[in-house]
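> So TrEMBL lists these for the protein:
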BINDING   ASP10, SER11, TYR42, GLY43, ASN74, THR75, THR184, HIS185  substrate binding site
ACT_SITE  CYS73  active site, proton donor/acceptor
ACT_SITE  CYS183  active site, proton donor/acceptor
Amino acid sequence: MDNRPIGFLDSGVGGLTVVRELMRQLPHEEVIYIGDSARAPYGPRPAEQIRAYTWQLVNFLLTKDVKMIVFACNTATAVVWEEIKEQLAIPVLGVILPGASAAIKSTASGRIGVIGTPMTVKSDIYRQKIQALSPDMQVESLACPKFVPLVESNELTSSVTKKVVYESLQPLAGRVDTLVLGCTHYPLLRPIIQNVMGPQVKLIDSGAECVRDISVLLNYFEINRSRDKQELNHRFYTTASAKSFAEIAESWLGKEITVEHVRL
Ligand code: DGL
C-alpha cells in the first residue's frame, strides 16, 4: 500500500484526458496534476526547450511527494521520457508505448495512422515503436499543429475547429483503419475527428490506454492506495490562468476541482 498521490504532467489541459480515464478505472487513486498552459504548445518548440520544461514539471511534482509520475504528454514522452525515467527512483510512465500496442491490436489492414504535434511526428517514435513490435505494419504520421491551440482556448465544437480538423486530416482520409490520437489534447476533439475519418476508423486514445499500464505497475510494486482511505484530495496546478483551466477541466471531468496557479 502507498497512499501518496500519482503525479501527472502535460503542456496544458491535454493530460486531463488521461486523468478522466484514471478516475474512471482507478477511482480510489489521488491525483496531482501540473499543466504548463503558459508555455503551451510544446509541440513546435526545439527538443532542448521541451526537455528543460519537462524537467521543471517533474521537479515540481517531486516536491509534492508523488509515488509515480505519468507523462500525460506525447511530446514530452518522445523527447525526454527515457532520460528522466532512468534518473528517478519512482516509476515513470509515458503514453507512447501503450498507444503503439493498442494500435497494433486494433488494426485489421495493418495500415495505422498517427496524428500528433510537430515534435512527436518529427521524432518518428510511434512508427519505430509499432514496427519494433510488429515489423509489417505500415504507419503514416501527420502533424496537426493547429489542434492544441484550439483545445487550450476551449474551442472544442466551433465551426472553425470543425473546418481545421477536416482540412488537417485530409491526407489520411481513406488510407488507414486505425488512427492513434498521438497527443493527449486530441481526445477533446474526438467526436469531430471521428466524424471526419468515418465510423469504420478506430481511434486509439494513447492516454486512456496508458491507464491500464498505471494499474499494472501499481499492482506490481504493491503501491495501490488503500481503499478505506476515502478522502481524496486531488490537486490541479497550472502555470496560466486557474480560472480558464478550471473551466475546461470541470466540464471535461464532470466535477468541481481546485486549481491553483503556480510559477515554475
Ligand atoms: N498534450 C501534448 C501531447 O500529448 C502536448 C501538446 C503541445 O503542447 O504541443 O503531445
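Positions of Cβ are set from backbone N, Cα and C atoms, glycine also.
In TrEMBL, annotation is done automatically, which means it is predicted and not curated.
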> For the recorded substrate site, whose residues are ASP10, SER11, TYR42, GLY43, ASN74, THR75, THR184, HIS185, find every other residue on that chain with a C-beta no more than 8 angstroms from the centre of their C-beta atoms, and list them by sequence position.
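The answer, listed by sequence position, is GLY12, GLY14, GLY15, ALA40, PRO41, CYS73, ALA76, THR117, THR120, VAL148, CYS183.
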> When a 10 Å sphere is centred on the Cβ of ASN74 (substrate binding site), how many other Cβ atoms does it contain?
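Excluding its own Cβ, ASN74 (substrate binding site) sees 36 Cβ atoms within 10 Å.
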> What's the CA to CA span in angstrom from GLY43 (substrate binding site) over to CYS183 (active site, proton donor/acceptor)?
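The separation of the Cα atoms works out to 9 Å.
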> Rounding to the nearest whole angstrom, report the longest C-alpha distance spanning ASP10, SER11, TYR42, GLY43, ASN74, THR75, THR184, HIS185, listed for substrate.
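Looking at ASP10, SER11, TYR42, GLY43, ASN74, THR75, THR184, HIS185 as a set, their Cα atoms extend up to 12 Å apart.
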> Using C-alpha atoms only, work out the spacing between CYS183 (active site, proton donor/acceptor) and TYR42 (substrate binding site) and round it to an integer in Å.
11
> Using Cα coordinates, what distance in whole Å links ASP10 (substrate binding site) and CYS73 (active site, proton donor/acceptor)?
5
> Using Cα coordinates, what distance in whole Å links SER11 (substrate binding site) and CYS73 (active site, proton donor/acceptor)?
7
> Is it possible to get the count of other C-beta atoms within 10 angstroms of the C-beta of ASP10 (substrate binding site)?
32
